[in-house]
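Visitor: Got a structure for you, written out below as structure tokens; questions coming shortly.
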Amino acid sequence: MRSEKSLTLAAPGEVRGPEGEQQDAGEFQEAEGGGGCCSSERLVINISGLRFETQLRTLSLFPDTLLGDPGRRVRFFDPLRNEYFFDRNRPSFDAILYYYQSGGRLRRPVNVPLDIFMEEIRFYQLGEEALAAFREDEGCLPEGGEDEKPLPSQPFQRQVWLLFEYPESSGPARGIAIVSVLVILISIVIFCLETLPQFRADGRGGSNEGSGTRLSPASRSHEEEDEDEDSYAFPGSIPSGGLGTGGTSSLSTLGGSFFTDPFFLVETLCIVWFTFELLVRFSACPSKAAFFRNIMNIIDLVAIFPYFITLGTELVQRHEQQSVSGGSGQNGQQAMSLAILRVIRLVRVFRIFKLSRHSKGLQILGKTLQASMRELGLLIFFLFIGVILFSSAVYFAEADDVDSLFPSIPDAFWWAVVTMTTVGYGDMYPMTVGGKIVGSLCAIAGVLTIALPVPVIVSNFNYFYHRETEQEEQGQYTHVTCGQPTPDLKATDNGLGKPDFAEASRERRPSYLPTPHRAYAEKRMLTEV
């Protein structure tokens, strides 16, 4: 049986080998790190009173770290107790030690906050590569968090950028954010209210003459009124019957009503604010290219350009109506212009996404959908297969019924979609026994298909939600860096006096101390007990 070697300890800073000979710190480091027999020796690591025991060869897997390099960890060696002492977070060291045992797997314990565990990674010097991989696994922001966000170099531009881009930066920035949210809400309310029949009739200036149907002052046809559901979709349009006396006399009235309409005036004020906000943010942004790559800025552009297109089209239309007499070709061109304009102005509804700039919940939802694109793609693919399968099955099951509501397989696509999604619209339904069996299987398959990827999406949402919560807490509290011996040292139980113990402690004082965060002075401090 191999005799177990041991280390005989002498005075502080002095180590004796297996035969009792005296060794200095350098010889002890070489004996500890090199050689096949010594690499299997075990050592004790004391983390704030909790003792861990491991082998030297386990720590030597990562020689560039604090524990893997004998020259670095010897500064924490306590010759009085024959152990390495670290006044650090105890739950975190389980994961740190597992990093060595597993060959590079770094997993944060669930009961350790993110910022505290990252401090432990830096203290034990696991390296920037391990820290970057850990941050990527945790889905963290780039190193430095809020301090690393690009800011303009000019002081005035920086202040303007913070005012309009970061509502949490100051009180005036929060005030601007509140104004922006109110303007967005007013714009959305106006977009909805202007489609009400009573407002459209009042805005047009009256009703029809003798038929009981609301028409514009120019006596437009009922078909044109249906097409013009917007408040300012060509209020000066020429009626289908040509430009008569009544139409000519009311042309100027129509043009005036467009620009004096209350909905148009409120919409104009909202657009003025949106345009001002966009131009100010663009002029103060640190990178013009990155500005247009931001999806929120693209939404801002999409939210305002329909107004200018509508306004320009209205001015051109008024000019053409005043210079060209009516006709069928002119009316057809107007009808096409109306259809195009309605599609363009429908984009105004995307203005509601501007709220996501000021809503953490919408941002979390967007990140969840972005992270769940693979699962959503699988869901759509499964639904596509089910729609093809069950629409074909119900068509052939109902083919012998003369009253069948499924004239073809493509017509049955709609039924398959609403059945698999458990909506059950009711406009199409099977009437034969075989068709009802197919419908039952379709509903069951739809429930299973939709239920499979939902837990993954919910898990992604919980992940982003808890990450956002931790980042908010990190902005309020910061863990106090510990590990340095206190200057007020007291006498110990082994008989050493206060001066002797202080001298021995200075010899073991670590040269590596974590650099305090730049923003620590500006935050409330939370000391770990």
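Glycine is no exception: its Cβ is also placed from the backbone N, Cα and C atoms.
If you look up Swiss-Prot, you'll see 1-171, 285-295, 359-373, 466-529 marked as topological domain 'Cytoplasmic', on the strength of similarity to another entry. Residues or ranges marked as transmembrane segment by Swiss-Prot: 172-193, 263-284, 296-316, 338-358, 374-395, 437-465. If you look up Swiss-Prot, you'll see 210-219 marked as compositional bias 'Polar residues'. Annotated region 'S4-S5 linker' per Swiss-Prot: 360-373, in sequence order, evidence recorded as similarity to another entry. Taken from Swiss-Prot, the feature intramembrane segment applies to 410-421, 422-429. What Swiss-Prot records for 500-510 is compositional bias 'Basic and acidic residues'.
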Visitor: Find the member of 172-193, 263-284, 296-316, 374-395 that has more C-beta pairs under 8 Å to the transmembrane segment (437-465) than any other listed stretch.
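Guide: Selected stretch: 374-395, with the most Cβ pairs under 8 Å.
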Visitor: Should anything in the same chain at least six residues away from the intramembrane segment (422-429) have a Cβ under 8 Å from its Cβ atoms, list it; otherwise answer none.
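Guide: That would be 405-406, 411-412, 414-415, 439, 443, 446-447, 450.
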Visitor: Under a criterion of three or more Cβ pairs within a distance under 8 Å and sequence separation of at least 6, are the transmembrane segment (338-358) and the transmembrane segment (296-316) in contact?
Guide: yes
Visitor: Does the transmembrane segment (263-284) come close to the transmembrane segment (296-316), meaning at least 3 CB pairs under 8 Å for residues 6 or more apart?
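Guide: Judged by the Cβ rule, the two regions touch, with the required three close pairs present.
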Visitor: By Cβ distance under 8 Å, which residues at least 6 away from the ends of the region 'S4-S5 linker' (360-373) in the same chain are close to it?
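Guide: For the region 'S4-S5 linker' (360-373), the nonlocal Cβ contacts are 353, 453, 456-457, 460-461, 464-465, 468.
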Visitor: What else in the chain is close to the topological domain 'Cytoplasmic' (285-295), if you only count residues 6 or more beyond its ends and a Cβ gap under 8 Å?
Guide: 150-153, 157, 161, 165
